[in-house]
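One structure below.
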Amino acid sequence: MTTIKTSNLGFPRLGRKREWKKAIENYWAHKIDKAELDQTLTDLHKENLLLQKNYHLDSIPVGDFSLYDHILDTSLLFNIIPERFQGREVNDDLLFDIARGNKEHVASALIKWFNTNYHYIVPEWDNVEPKVEKNTLLERFKYAQSINVNAHPVIVGPITFVKLSKGGHQSFEEKVETLLPLYKEVLQSLVDAGAEYIQIDEPILVTDDSESYEDITRKAYDYFANEGLGKYLVIQTYFERVHLKFLSSLPVGGLGLDLVHDNGYNLKQIEDGDFDQSKALYAGIIDGRNVWAADIEAKKQLIETLQQHTQQLVIQPSSSLLHVPVSLDDETLDESIAEGLSFATEKLDELDALRRLFNDNDLSKYEHYKARYERFQSQSFKNLEYDFESVPTHRKSPFAKRKQLQNQRLNLPDLPTTTIGSFPQTREVRKFRADWKNNRITDAEYQEFLQNEIARWIKIQEDIGLDVLVHGEFERNDMVEFFGEKLQGFLVTKFGWVQSYGSRAVKPPVIYGDVKWTAPLTVKETVYAQSLTDKPVKGMLTGPVTILNWSFERVDVPRKVVQDQIALAIDEEVLALEEAGIKVIQVDEPALREGLPLRSEYHEQYLEDAVHSFKLATSSVHDETQIHTHMCYSQFGQIIHAIHDLDADVISIETSRSHGDLIQDFEDINYDLGIGLGVYDIHSPRIPTEEEITTAINRSLQQIDRSLFWVNPDCGLKTRKENEVKDALTVLVNAVKKKRQESESTTA
């Protein structure tokens, strides 16, 4: 058999303990200057490269490291600058302003990266002049060479980049053709600098409509081949299957395929002879998106199968390791569960174990991982019985009747205002929580602090004039991790951070066993907040679909079973809140859209399961109890009917970063439930104007019945500063008051 090689597609940017995040946020807060930021990030990039080198990879990616987002990096590389930000020097400060907005201009749209919890900044083509502005990819490649790292450059391919863009008068094909000479310039510079191959990521080729743009895809890669570059290119795909016969016909040196999340189709196509054996096969055999250790014996057998179909085999993760934490080294976990886990560095070590086995006949690492996996699998985490049938999955009455009863009970004004749930997690809040978790303060001291913060923010909300209040979620570090800490069947790590967007990091819990509610989770804080005001306070919960999508899910039982187990746990908490007198309960599902499979053949079942789980969690309450939900960052056209089927009394949806595009989705559906379309972007420090909020309200009311419409920010306010929150909410409430006055004067 031929020698196998190992490679990687991308590595986590955050650092073991979020050094990347802290440096960038310190720069934004003017606590460090640009020179210190650059040095910190250079050191971290070097650490990442050398860490990967320790695992004997034949080639290490460079270009995956970023100050914010690799798609935004590509936009700046080719001078695809939003019109409102043009005329400035292309530098890191411009990058941050495009991503976050500033006092003068709104940020660019933020969209989920395929069906992951990562988000990219959408490129904007309106009135742009594409050119190679600053070849940072070449700089990073040369840096890797300078520290003796055998690296391959990584760049998002032209088909994917343009397909993920918006705006401009050119057609999709015209935009691709515009970029081809610029890609050629960058690719040639990398080859001239010594790149043995270039990883060109085209994940868009795994989607349903990829066959509709095969002609322009072929034209693009024929162009590169005619320029003498084809043999240096490896087209990487991930997250799903591809049309392998077409992909194999492209004049490139290699193809990267996901052999984990392809439902077996990529392997079948290889076995059917659709892979061009003159090319290198970059086989994604180690799961790049989940944290479970590989069944290394099964991977050995897979490699043996693949070797029958290629003479150039490179094994790698199924996708960039951006989606998993850095390392288990700093964790102190129950060994019986830790043996079943694998973070980024452990995944690279699994690749090294397989490389040693096949190339050197060295069984030591292989046997180690095989024994660990077998010990973990010998345990049983399926111990509980569930009565799914006894819990209702439909509300007692139709929405019209519920709305009448809720109006009588809540007595809310026209265009009611609220927020999405969380308020600023200040340094003081985080310190008190950390001190409590580390037993540096007593339970009583921590509860006193929480109650003081809740009381302070209840008063702030009342002073501003909001109609439905929230307690602020100061006891929660994350909307999923919090529930993972309290529900049976979850494991929460200390340093298992992954990047969500920009400097925002989340720590997904690990679901390892049966999920069960054992005690109230949120009742104490919510009831205390309600005791301070006559206005309704929302109970704040995270929904079953989001908890599952934002956790590392177990793989030993079907996904639907885990989702419904979580739904039953949330149902218990919903009933506990209702019994405690809470009149409005929000069950957030911001991740419902992101979990939608990339292939439409799987959509119907996914959405059916998601709707069922949400209704399982929310249908036991009385008609008078108002159920809210919230979704964000998404393109909802494909799921608008499922959103309606949730039968939530009120749904709030992020629209600000889409600049109103979402409202068009309501033109084709008679949406007859309560709805709030977020009227300003909380991900930017910029304070909206009354005029902007009024414009957003007016546009929304063109499509939505006024009696159903709510006014709110687009997401929780956890990441904002206190003064930003107060100022923005004051503007929001003032704009609504003027709208109410207009209505009163019109009807007078």
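Heads up, residue numbers simply count up from 1 along the chain you see.
Just so it is clear, glycine is given a Cβ too, placed from its N, Cα and C backbone atoms.
Per Swiss-Prot, the feature 5-methyltetrahydropteroyltri-L-glutamate binding site maps to Arg18, Glu19, Trp20, Lys21, Lys112, Trp550, Glu594. For Ile420, Gly421, Ser422, Glu473, Asp588, the entry in Swiss-Prot reads L-methionine binding site. Swiss-Prot lists Ile420, Gly421, Ser422, Glu473, Asp588 with the feature L-homocysteine binding site. The Zn(2+) binding site feature in Swiss-Prot is assigned to His630, Cys632, Glu654, Cys715. Look at Swiss-Prot and you will find His683 tagged as active site, proton donor, backed by sequence analysis.
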Alpha-carbon spacing, His683 (active site, proton donor) to Trp20 (5-methyltetrahydropteroyltri-L-glutamate binding site), which is rounded to whole Å: 19
Spatial separation of Lys21 (5-methyltetrahydropteroyltri-L-glutamate binding site) from Ile420 (L-methionine binding site) - C-alpha basis, Å: 24
Distance check against Gly421 (L-methionine binding site) for the binding-site residues Arg18, Lys21, Cys715, keeping those with Cα within 10 Å: Cys715
Candidates Arg18, Glu19, Lys21, Lys112, Asp588, namely the binding-site residues, that fall within 10 Å of His630 (Zn(2+) binding site) by Cα distance: Asp588
Rounded Cα-Cα span from Glu19 (5-methyltetrahydropteroyltri-L-glutamate binding site) to Ser422 (L-methionine binding site), Å: 25
Rounded Cα separation (Å) that holds between Lys112 (5-methyltetrahydropteroyltri-L-glutamate binding site) and Cys632 (Zn(2+) binding site): 10
Site of maximum Cβ density within 10 Å, from binding-site residues Glu19, Asp588: Asp588
Distance from Cys632 (Zn(2+) binding site) back to Asp588 (L-methionine binding site), taken between C-alpha atoms, in Å: 10
For Cys715 (Zn(2+) binding site), the one of Lys21, Glu473, Trp550, Glu594 that lies nearest, given that the binding-site residues are compared by Cα: Glu473
Glu473 (L-methionine binding site) versus Glu19 (5-methyltetrahydropteroyltri-L-glutamate binding site) - Cα distance in angstrom: 25
CB-centroid shell, 8 A cutoff, L-methionine site Ile420, Gly421, Ser422, Glu473, Asp588, site residues removed: Thr419, Val470, Met479, Met540, Gln586, His630, Gly716, Lys718
Within 10 angstroms of Lys21 (5-methyltetrahydropteroyltri-L-glutamate binding site), Cα basis - binding-site residues out of Glu473, Cys632, Glu654: none
Cα-Cα distance maximum in Å, computed over every pair in Ile420, Gly421, Ser422, Glu473, Asp588 that the record assigns to L-methionine: 13
Local Cβ density at Glu594 (5-methyltetrahydropteroyltri-L-glutamate binding site) - other Cβ atoms counted within 10 Å: 23
Nonlocal residues around Arg18 (5-methyltetrahydropteroyltri-L-glutamate binding site), in sequence order (Cβ under 8 Å, 6 or more apart): Trp497, Ala505
Residue from Trp20, Glu473, Trp550 whose C-alpha is spatially nearest that of Cys632 (Zn(2+) binding site), among the binding-site residues: Trp550
Site extent for 5-methyltetrahydropteroyltri-L-glutamate, whole Å (max Cα pair distance, Arg18, Glu19, Trp20, Lys21, Lys112, Trp550, Glu594): 27
